[in-house]
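> Here's the feature list from Swiss-Prot:
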TOPO_DOM  1-82  topological domain 'Cytoplasmic'
REGION    1-37  region 'Disordered'
TRANSMEM  83-103  transmembrane segment
TOPO_DOM  104-140  topological domain 'Extracellular'
TRANSMEM  141-161  transmembrane segment
TOPO_DOM  162-176  topological domain 'Cytoplasmic'
TRANSMEM  177-197  transmembrane segment
TOPO_DOM  198-204  topological domain 'Extracellular'
TRANSMEM  205-226  transmembrane segment
TRANSMEM  227-247  transmembrane segment
TOPO_DOM  248-258  topological domain 'Extracellular'
TOPO_DOM  274-296  topological domain 'Extracellular'
TRANSMEM  297-317  transmembrane segment
TOPO_DOM  318-446  topological domain 'Cytoplasmic'
DOMAIN    376-411  domain 'EF-hand 2'
TRANSMEM  447-467  transmembrane segment
TOPO_DOM  468-480  topological domain 'Extracellular'
CARBOHYD  Asn469  N-linked glycosylation site
TRANSMEM  481-501  transmembrane segment
TOPO_DOM  502-510  topological domain 'Cytoplasmic'
TRANSMEM  511-531  transmembrane segment
TOPO_DOM  532-540  topological domain 'Extracellular'
TRANSMEM  541-558  transmembrane segment
TOPO_DOM  559-582  topological domain 'Cytoplasmic'
TRANSMEM  583-603  transmembrane segment
TOPO_DOM  604-627  topological domain 'Extracellular'
TOPO_DOM  643-663  topological domain 'Extracellular'
TRANSMEM  664-684  transmembrane segment
TOPO_DOM  685-742  topological domain 'Cytoplasmic'
Amino acid sequence: MSEAEAPLITEEAAERGLASSGSRRLSDGAGGQGSRKYRRRSDALAYGDRYQKAAALVDLAEDGVGIPEDVLNDTRFGRAMSFYFVYLRLDWLWSLNLFALILLNFLEKPLWCRKDALQAYDQRDLYFLGQLPYFSKTESLIYEGLTLVILVMDIFCPLSYEGLNIFWRSTTNKLKIVLLFILACDILVFAFSSQPFRLAPYIRVVFLIMTIRELRMCAITLAGLIGTYLNVLALSLLFLLFASWLAYVTFEDTPQGKTIFSSYGVTLYQMFVLFTTSNNPDVWVHAYKIPRWYSLFFIVYVLLGVYFLTNLILAVIYDSFKEQFAKQLVQVDSIRKNILQKAFDLIDTNNRGYLDREQCISLLNELNKYRSLPKTSREDFELIFAELDRSGDFKVTSEEFADLCNTIAIKFQKEPPPSYLEKFPFYHSPLCGRLKSFVRSRMFEYIIVFVLLINLVAVIIETTLDIENSSSQETWQEVEFFLGWIYVAEMALKIFSLGFGAYWMEGQNKFDFVLTWTIFIGETLTFAFPSKLPFLSNGEWIRYLLLGRVLRLTRILLQVQRFRAFVATFFTLMSSLMPYLGIVFCVLCMYCSIGLQIFGGIVYAGNPTLEETDLFNNDYLLFNFNDYPSGMVTLFNLLVMGNWQVWMESYWQLTGTSWSLIYFVSFYLISILLLLNLIVAFVLEAFFAEMELEKGEEVDIQNPTSGGIKKRRSMRVRSKGTMVDILLHHMLSNELDGSQNS
């Protein structure tokens with residue numbers, strides 16, 4: 001660090017009661033001897049020696065925490081990083097506020113019924129509204145005001161560590177400020193007047209996309225392929241126009257033409273719906289009744305449109321998608337490389353361009369605080385150094401240093417925080433040692449699996465007796481209550497043996513923790529107050545949670561060789577798919593807000609036009625756009641393409657204008673033809689890529705030669721240490737190489 005930072009660090013160290021600067025500094029080649037130990041990365045970056053700072057930066061880089069490059073090169077780097085970590089520690093608040101913003105869309109009173117409060121509260125059945133409560137105008141303003149204040153803090157907090165110049169260079173920050181201003185104005189207008197239109201529901205979703213990095217990357221990627229998508233859409237439109245004209249001319253004087261293809265516009269609409277196969281074969285039944293060979297026209301149309309053109313569109317779009325997505329990954333990798341280069345420069349104080357053995361060993365020693373590296377001797381550290389020194393000249397260059405960090409991220413887990421019980425002597429007694437060893441053993445796992453199997457049998461029997469209204473049901477409910485205590489004991493033993501930090505690091509344990517406490521508290525209240533709490537006295541909801549607990553049996557599949565790859569691939573794919581599913585959710589939110597503002601309130605009991613629609617005939621009245629929850633469910637039905645033309649044609653009749661078709665057609669083009677097809681293609685390629693990685697691991701295990709290790713390491717050299725990143729980099733290896741070469 002530069003000398004300009006010394007007074008600042010000394011002042012803050014005195015305030016926090018830290019050791020003097022003499023204990024913080026490390027002499028060259030000392031490898032951390034005599035320096036103060038920091039368990040937190042923020043303290044290490046602000047007050048640590050150069051090895052401690054470098055180790056904290058390496059850990060940040062491998063965790064995917066992106067620090068602006070200008071902040072890395074700032075002379076007041078230590079102070080900036082202390083503010084940066086304060087901002088990161090408040091991430092739970094920023095995330096909770098984003099959730100609150102989206103939740104507000106579901107709890108807001110629909111704009112179309114604000115003039116008459118009775119419509120929303122006392123006549124829910126008349127308008128087929130949902131069961132969620134609505135905020136009053138005052139409650140909405142208070143809620144929006146609180147979320148706005150937190151949003152302002154979230155947006156402007158980066159000023160503390162970036163500074164005004166760096167902050168204002170970011171296009172994302174500028175856009176956030178503009179949207180924040182528009183949102184504040186919208187709230188003010190809403191406070192003093194009742195307008196039928198608001199921008200706030202849309203801006204909330206945009207903030208969600210811009211704040212979550214994965215969603216932002218997906219949105220930028222999709223924006224980059226708009227040009228390609230419009231080109232293939234133009235080709236599809238030409239095909240549809242020509243096929244519709246051919247159908248209109250061919251069936252002009254037939255019953256098909258007189259009933260279904262009565263005009264070119266109607267023919268175009270029907271052929272578009274047939275392109276989605278939603279009205280097949282209803283649309284050409286009349287033509288099929290006269291000469292059967294007329295069916296050839298529609299068969300050829302479906303084959304060309306659905307099985308050729310649609311797949312061609314998917315292939316072109318997915319190829320462009322991979323190129324755009326590779327560009328985003330290159331940017332993420334660039335941030336990681338910049339952080340690692342900063343760590344390299346901190347150690348290479350003499351600007352030699354390489355690190356020697358002593359420096360690498362000192363860094364590995366400091367990394368023990370963040371990664372569960374082997375607690376071994378200096379000789380073992382030298383073996384790690386020798387493995388990474390590919391040139392054999394006892395010098396590690398910046399490129400080899402990146403391989404070092406990548407290997408650490410892949411091979412070693414995060415070091416969990418020590419248990420709070422470590423300070424008590426009894427925790428280190430022989431009896432506690434045997435108990436902890438038993439909890440960590442496979443025998444303990446087998447016992448829990450056996451209890452789960454008993455639980456499954458008990459749930460099945462209790463459910464069967466409930467259906468038969470048998471009095472023996474109460475006995476099995478008591479059995480389930482007893483099993484609940486066993487799960488609580490299991491959770492307590494694991495936390496005691498591992499420590500809560502190590503216990504919470506595993507996703508399976510998080511699932512068990514939440515589920516166990518929810519079921520246990522619910523069962524306890526049900527047995528303690530069977531009549532005072534009507535909601536809890538109904539055991540149905542607890543039974544569903546008990547069935548959820550049986551999902552832990554999927555752990556057994558991981559022990560079977562033939563199933564392990566498939567189960568592991570499933571969980572990896574679920575993690576990698578979350579950003580894309582999040583984008584689909586955001587699109588649904590946008591279209592739901594639009595649907596509420598243009599279709600809200602037109603579906604109600606007693607509407608004479610409604611009774612003439614297929615919406616009424618099919619008993620789809622609950623699937624409407626009268627409030628946000630109902631609109632989201634309706635859009636989900638449209639997303640799965642289940643009779644989606646029913647809503648399109650019904651709202652065409654209800655509004656009396658064909659302009660309403662734009663809403664449904666655009667939703668199909670964006671959500672289904674683009675997003676869902678991309679997700680399907682992504683899942684297919686990701687599955688094959690993950691299977692290749694699994695086979696590669698098996699080969700390396702069976703043939704642990706240096707060549708096999710080198711091949712495996714080179715396959716993951718770009719990754720950030722997580723399975724999702726490894727998978728993405730393997731999938732897009734060709735595109736990434738092309739982006740870097742260009």
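Residue numbering: from 1, along the chain as shown.
In case you wondered, yes, glycine gets a Cβ from its N, Cα and C as well.
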> Other than its close neighbours in sequence, what residues sit by the topological domain 'Extracellular' (274-296), given a CB gap under 8 Å and a spacing of at least six beyond its ends?
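The answer is 240, 251, 254-256, 259-260, 302, 305-306, 641, 643-645, 668, 672.
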> If you count Cβ pairs under 8 Å, which stretch among 141-161, 583-603, 664-684 touches the transmembrane segment (205-226) the most?
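Ranking 141-161, 583-603, 664-684 by Cβ pairs under 8 Å to the transmembrane segment (205-226) puts 583-603 first.
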> Suppose I define contact as three or more CB-CB distances under 8 A, residues 6 or more apart in sequence; do the transmembrane segment (583-603) and the transmembrane segment (481-501) meet it?
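Checked: the transmembrane segment (583-603) vs the transmembrane segment (481-501), no contact.
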> If you count Cβ pairs under 8 Å, which stretch among 227-247, 297-317, 481-501 touches the transmembrane segment (664-684) the most?
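If we count Cβ pairs closer than 8 Å to the transmembrane segment (664-684), 297-317 scores highest.
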> How about long-range neighbours of the topological domain 'Extracellular' (198-204): same chain, 6 or more residues beyond its ends, C-beta under 8 Å?
101-102, 104-105, 108, 111, 144, 179, 182-183, 186-187, 190, 589-590, 593
> Looking only at the topological domain 'Extracellular' (604-627), how are its residues distributed among DSSP helix, strand and coil?
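Residue counts in helix, strand and coil order: 7 helix, 0 strand, 17 coil.
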> Other than its own, how many Cβ atoms are within 10 Å of the Cβ belonging to Asn469 (N-linked glycosylation site)?
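For Asn469 (N-linked glycosylation site), the 10 Å Cβ neighbour count is 7.
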> Considering every residue in the topological domain 'Extracellular' (248-258), what is the mean pLDDT value?
84
> What kind of secondary structure is Asn469 (N-linked glycosylation site) part of, going by DSSP in three states?
coil
> What same-chain residues lie close to the topological domain 'Extracellular' (248-258): Cβ under 8 Å, and 6 or more beyond its ends?
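Same-chain contacts beyond the flanks: 264, 267, 284, 286-287, 289-290, 294, 297.
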> What are the DSSP helix, strand and coil residue counts for the topological domain 'Extracellular' (198-204)?
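Residue counts in helix, strand and coil order: 5 helix, 0 strand, 2 coil.
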> Please indicate, using numbers and ranges, the residues of the same chain that are 6 or more beyond the topological domain 'Extracellular' (604-627) and have a C-beta under 8 Å from a C-beta there.
110, 112, 125-130, 132, 134, 592, 595-596, 598, 633-634, 637, 643, 646-647, 649-651, 653-654
